[in-house]
Amino acid sequence: MSLSDDSRYLRGGPVAQRIIASVREDAAIATAEGFPAKLISITVGDTAAVDVYVRNQRAKAALAGIGFEERRFPADITAGELEAAIHGLNADPRVTGIIIQRPVPVHIPIKTLQAAVHPLKDVEGMHPASIGNIVYNQLDLAPCTAAASVELLRETGLDLKGLEVVIVGHSEIVGKPIAFLLMSEGATVTVCHHMTRSVAAHARRADALFVAVGKPRLIKADMVKPGAAVIDIGINAEIGPDGESRIVGDVDAESVKHVASWITPVPGGVGPITVAILLRNTMVALSRQRARYQATYGVVDKLAAE
Ligand SMILES: NC(=O)C1=CN([C@@H]2O[C@H](COP(=O)(O)OP(=O)(O)OC[C@H]3O[C@@H](n4cnc5c(N)ncnc54)[C@H](OP(=O)(O)O)[C@@H]3O)[C@@H](O)[C@H]2O)C=CC1
Ligand SMILES: Nc1nc(=O)c2c([nH]1)NC[C@@H]1CN(c3ccc(C(=O)N[C@@H](CCC(=O)O)C(=O)O)cc3)C=[N+]21
């Protein structure tokens with residue numbers, strides 16, 4: 001069976017479309033009520049790794065009826081200057097959400113930047129205060145890629161309760177949040193990283209295998225349990241046999257597709273859903289801001305009566 005018509009391929013497009021259609025309805029209502037949503041993307045320095053992401057954010061935000069603006073800053077900007085820019089966006093009532101594209105130059109501590117974003121405008125859930133929410137099983141706003149990966153696993157229809165899940169890669173933006181999201185769903189989760197003695201030994205036990213490392217073909221067929229679901233989060237640029245640059249994941253799809261029951265294509269798997277979730281998170285942030293606004297200013301009648 002060819003890759004393109006194989007139903008075992010878990011495609012992100014239809015899931016993303018579903019999410020964006022629902023965001024579009026919510027955004028239209030909010031706009032009509034006088035609360036248009038607007039997302040600001042911050043990019044610092046060389047942007048090759050994030051260009052595709054930002055391009056898709058802009059396109060899908062337009063489709064969903066969410067405002068979108070990109071702010072680009074030079075690589076030699078100081079952390080202090082960036083924080084000041086973020087504080088300006090925090091204070092701007094027209095701005096609903098702020099996303100800081102990773103990576104940022106090494107002289108800027110990413111944690112400081114994440115902490116500068118007001119938690120109500122933190123559309124990736126990466127503020128130290130926000131990321132704790134998923135530990136407390138508050139799952140309505142999670143880091144986008146992690147949430148997107150879990151959405152794709154749901155598409156398999158597998159019961160997440162008691163599912164043996166192995167995650168390869170433990171970054172704070174992908175691997176770790178996936179682990180927390182799936183623990184909340186009742187899965188049994190093992191997390192592997194570069195010090196894991198045998199990634200293969202763990203991976204072979206997984207009913208669902210998530211891979212977020214950034215190494216092409218790290219996962220081969222002999223590391224996958226027959227019938228497993230394989231969610232490939234990696235995005236790697238490499239030169240293909242035709243001499244053209246192409247994007248591949250972390251999974252050797254050509255061999256793994258013969259063993260797994262489900263596998264996500266790259267591109268066309270997790271990526272499109274990541275963008276859709278970012279927009280959904282922007283609407284979650286908007287409704288939280290509206291609730292705060294209501295709580296603060298929605299007592300006019302009472303004040304007038306006093
Ligand atoms: N589709 C999407 O929406 C997104 C895709 N990505 C892609 O996902 C991949 C991972 O991204 P990100 O999490 O940000 O990357 P990081 O570089 O932050 O994390 C990589 C992780 O992989 C681990 N690792 C490195 N080598 C090995 C190995 N040989 N075996 C097991 N684990 C290993 C590292 O462990 P340690 O820390 O111990 O060294 C680390 O936890 C990249 O390809 C990135 O482009 C990222 C974000 C969004
Ligand atoms: N703070 C932060 N959060 C991130 O989530 C984050 C980041 N920084 N930095 C960069 C990486 C990368 N990333 C992508 C998301 C979607 C696609 C995407 O839409 N991919 C399409 C590609 C389609 C096309 O080529 O146009 C696909 O996979 O099908 C790509 C890349 C998010 N990241």
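Every residue gets a Cβ built from N, Cα and C, even glycine.
As recorded in TrEMBL:
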type	residues	note
DOMAIN	10-124	domain 'Tetrahydrofolate dehydrogenase/cyclohydrolase catalytic'
DOMAIN	143-289	domain 'Tetrahydrofolate dehydrogenase/cyclohydrolase NAD(P)-binding'
BINDING	Gly169, His170, Ser171, Ile235	NADP(+) binding site
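Pairwise Cα distances among Gly169, His170, Ser171, Ile235, the recorded NADP(+)-binding residues, top out at 16 Å. According to DSSP, the secondary structure content of the domain 'Tetrahydrofolate dehydrogenase/cyclohydrolase NAD(P)-binding' (143-289) in residues is 54 helix, 30 strand, 63 coil.
For the domain 'Tetrahydrofolate dehydrogenase/cyclohydrolase catalytic' (10-124), the mean pLDDT of the prediction comes to 96. Ser171 (NADP(+) binding site) counts 18 other C-beta atoms within 10 Å of its own C-beta, drawing on all protein chains shown.
Every protein chain considered, the tally of other Cβ atoms within 10 Å of the Cβ of Gly169 (NADP(+) binding site) stands at 23. Within the same chain, the residues at least 6 positions away from His170 (NADP(+) binding site) whose Cβ sits under 8 Å from its Cβ are Lys176, Ala179, Val191, Cys192, His193, listed in sequence order.
Shown in sequence order, Gly214, Ile247, Gly249, Val266, Pro267, Gly271 are the residues of the chain, 6+ apart in sequence, with a C-beta less than 8 angstroms from the C-beta of Ile235 (NADP(+) binding site).
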